[in-house]
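To start, the structure under review is shown below, and the notes come after it.
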């Protein structure tokens, strides 16, 4: 039995196994030796990141099928397996996940003085779960793993949060996303009952009646809409961002919202194409309203983190418009903004974290004239602001423009409202930058100034390089994703 166990685990890939080992080893090291614990966590996350692009060498972009498929028997009597694979959709999300975790460990390098071992363990477990979600090909585990991600996120917000309301924010985040997924569990059990197998690839080829499709689509929508999040089930996100530590906000902006969007593209849209077409107006209306509403709400916020959080909601609702524009331009255009959304808001939250570490406040009214005292941070903030505005040459532009084209083919009014939201996004981005960086220095409130140190600058550089790389040379994304997107459109008979 031990030989069978070892044989099964030897087949699991590095990005799955390395975070698990990295989270277990620190448990045997005393809390007093925090530096070796941090180094182990950082090395494990870096090895995972360096290994994650390796499948690109042998990745075949001409097929939409999952590649590098691996299977571990979990519940053989119930025909439930730990079934993993990579395709054009999941490939870049795995790389994004492995990119952000080392950043989060470096961000908390000196700040997480209390329970440092537990922080490293929670970060690596979270990495393992998120990688497994994006590679999972088993419907039941496709439900279990995203819900398991909530546990380390709940702990990080509740333990290392920055304010007294962190416990409330942690519970709000946990309960919102968990309760929304209850209906998803019922849908998966019904799918397993009809198909008789826990293989997602077989479930995708199963034809459901139109009535059952609508029921299953609504059940899955309740789970994924909360995670995106779509309006009006977005309230948990700004509160979670405000109370989370900087590293928590980085990963919260980078990955959990992608779990919902990834669920739509992996599960709801390909499995229930008829219900997806019927629900398009139902998605378009709240998404278009959400873009305008959250953009206007952003301009009324006084907390720097809430401003970025509401901006994040606006960008993700633009993504939902693209995903439910059933054409290649809309669906294909919705994937690069999700990847960009993992970089741009994360960089902005890091900028806020630098300010908060020095001045212990996130209120906009206390800041001004930072260009004269923190020029390096001002330059980094400017590049991140340009990306948040979806300026040409940045990572956000390459996806939001195709989304507008795809949406216009289906509904010109929705495309117009989405474009208006982009204009509002540029307005509040420039307003925020001008308010914090330009103007007169408010010396009555801020007394000590110091630009980002070498460690902090080294954290920002990968984000800037990634944003520019995606914006200037985006060809790698359609090359890897075009076959998957084309197959999704053809399978759903959307055109």
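Even glycines carry a Cβ here, placed using N, Cα and C.
Between the stretches 214-237, 238-261, TrEMBL puts its transmembrane segment entry on 214-237. Of all ranges given (287-306, 307-326, 367-386), TrEMBL attaches the label transmembrane segment to 307-326.
The range from 124-142, 143-161 that TrEMBL describes as transmembrane segment is residues 143-161. For the transmembrane segment (214-237), the residues of the chain that approach it from at least six positions outside its boundaries are 143, 146, 169, 172-173, 176-177, 180-181, 183-184, 186-187, 190-191, 208, 252, 256-257, 259-261, 263-264, 267-268, 271-272, 275-276, 278-279, 286-287, 289-290, 293-294, 309, 312-313, 316-317, 319-320, judged by C-beta separation under 8 angstroms.
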